[in-house]
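Structure, as C-alpha cells:
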Amino acid sequence: MSLVEPTEPVEVDKLGRVHFIGMGGAGMSGIARVLLQRGVEVSGSDARDSALLRELEELGATVHVGHAAEHVGDADTVVVSSAIRDTNPELVEARARNLRILPRAAALGALLLGRCGVAVAGTHGKTTTTSMITVVLQHLGAMPGYVIGGQLVTTGLGADAGADDIIVVEADESDGSFLMLSPRVAVITNVEADHLDNYGDLEEIHDKFAAFIGRVSETVVVGVDDPGARRVAEVARQRGLKVLTYGEADTADYRVRDITVDGFTTMFTIDPPTGDPVHCTLPLPGRHNTLNAAAAVAVADTIGYDPEVAVEGLAEFAGAARRFEFKGEANGVSVYDSYAHHPTEIAADLDAARAALDSQAAKGGKAGRIVVLFQPHLYSRTRIFAEEFAAALTKADEVVVLGIYAAREDPEPGVTAELITERIGHDRVYYRPDRDAAVECVVSVAQPGDIVLTMGAGDVTELGPRIVEALG
C-alpha cells in the first residue's frame, strides 16, 4: 500500500450511477449502503462472495462476484478500494472510458458535503470512539448517519444514511486518505508511529495530521494525554479553530477522573468545562475506553447536547465488533476478540483484561489468567515493532503466536513471528504458525477463570468461535 493522492469529493447528487470495485470490505460496503439509502443506483464487485455483498444486493445493488470489464456497465462514477491493483479489468475499463474514478475516501467525503460531519482520526481508538459518538447521539434522539470501520454490536451494521444533518465517520490516516474529508468537527484520539510502510517517520505522520486539521471548519476535539495529539491541538489553535481537550490531565476541558473497575464494567467521572460533573458507567473494560467515552461526550456537547444526558447513552454502549468483543464462554473460560495490531493497542487491551480479572479476584473470585492468541499483521510492522510487540505481550500469562498475516505485503527474508516470540520476557510462549495447532495449544493451556483474547487485524478473528467450541 502507498499514500493515496488526495481527490476532492463530488456531491452525491452529481455522482450518477456508481460502481464499486472491491465492494465487500467494511469501508466500501458501508459507503455503498449509504448511497443506496440515499437513492443512488449502485453496482459493485468483489473477488469473493460475502454476507455484506448479499445485504447490499437486498438493498438494491447489482452485485458481481469476481472482476470483469463488463461489470462496470453504464456507471458514471467508479469507486476503487485501496486493495485493487492497477491491472484490475474493471479499473482498466473505467480508465479506458474516461469515467470519474474516486478512491474510497473521496466517496466517503461526498457523504459529508452539506452535513454536520464529525470525523474521528487517530492511531488508536477510532472505531470505538466513532461507535460511541453514534450511540450517544442516537440516545439523545438524533438520527445521525454513520460510517464506521467495524459493526455496532447492537445492530450488526457499520453504516447508515441517517435522517438528520449529522454524520459521523471514521477517518483513515493509514494511507493519507483522510485528506479527502472536510468535517465540521474532528476528533484526534492520539498520534503515534504506525503505517511506516507508507510514512518515512513520525514527523511525516504529524505533517499529514496537520494537513487534515486544515480541512476542519469549526472544532477539533483532542486527547490531551497523548503528546502527538497535543501537537495537533497547537496546529489547530494556530489556524484559529476551536480546540477542546479531553483526558486525565488536570488541564483537560473534559477531565476524566475517579476511574474504578468492577469486572468488565468501568465507572468514572467527567468534569465538563461548564456545569456539574457527570458520572458514567461504561460496560467495557479499560482506561483507554474512558478516554474514548470522554471524546464522545465532548462531541455531543459541542453539537449542543447536555453532557449529563449524553453519558446515559454510554451506559447502553454494547461495543463494536472486534473491539474486545465477547465471543463465548465454555468450561469457565471467557473468549474475546480484539482488533489490536499495534503494541500500544495490545498493551491497552491486556491492561484492561488484567484490571477486570483483578477486580473479580478482589471480590473473592478465582484469580484468572490472560491467554493470548496473537497474529502479527504485516511483515513490515513485525520487523519494525518486534521489540515493542514482545514487551506488550509480556503482560499476558500465556502467549500463543501465529504466523504473520501478510495482507498486502510480500514476505521479507528473515522476518517471521519468531522475531517476537524470542523476545518475550517469560517462557510461557508458543510459536504455532499452523491455525489448528494454535487453537489446540490455546485450549491445552486455558483454565477455568481465564480470559482468552484472540488479537490481530487478520483472520485470527475466525478462531475465537473455534476455541469456544473446542473448550466445550
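Even glycines carry a Cβ here, placed using N, Cα and C.
So that you can see what the record holds, here are the features copied from Swiss-Prot:
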- GLY122, THR123, HIS124, GLY125, LYS126, THR127, THR128: ATP binding site (BINDING)
Cβ neighbour count within 10 Å of LYS126 (ATP binding site) = 25
Message = I'd like the Cβ neighbour count for HIS124 (ATP binding site), meaning other Cβ atoms within 10 Å of its Cβ, all protein chains included.
response = 21
Key: Helix, strand or coil at LYS126 (ATP binding site) [DSSP, three-state]   = helix
List of residues, in chain order, with Cβ under 8 A from that of THR127 (ATP binding site) and at least 6 apart = ILE148, GLY149, GLY150, GLU170, ALA320, ARG322, ARG323, TYR339
Ask   = Which one of the binding-site residues (THR123, THR128) has its C-beta surrounded by the most other C-beta atoms within 10 angstroms?
value = THR128
Key: In the chain carrying GLY125 (ATP binding site), residues 6 or more apart in sequence that have Cβ under 8 angstroms from it   = THR189, ASN190, HIS288, LEU291, ASN292
Key: Neighbouring C-beta atoms (10 Å sphere around the C-beta of GLY122 (ATP binding site))   = 26
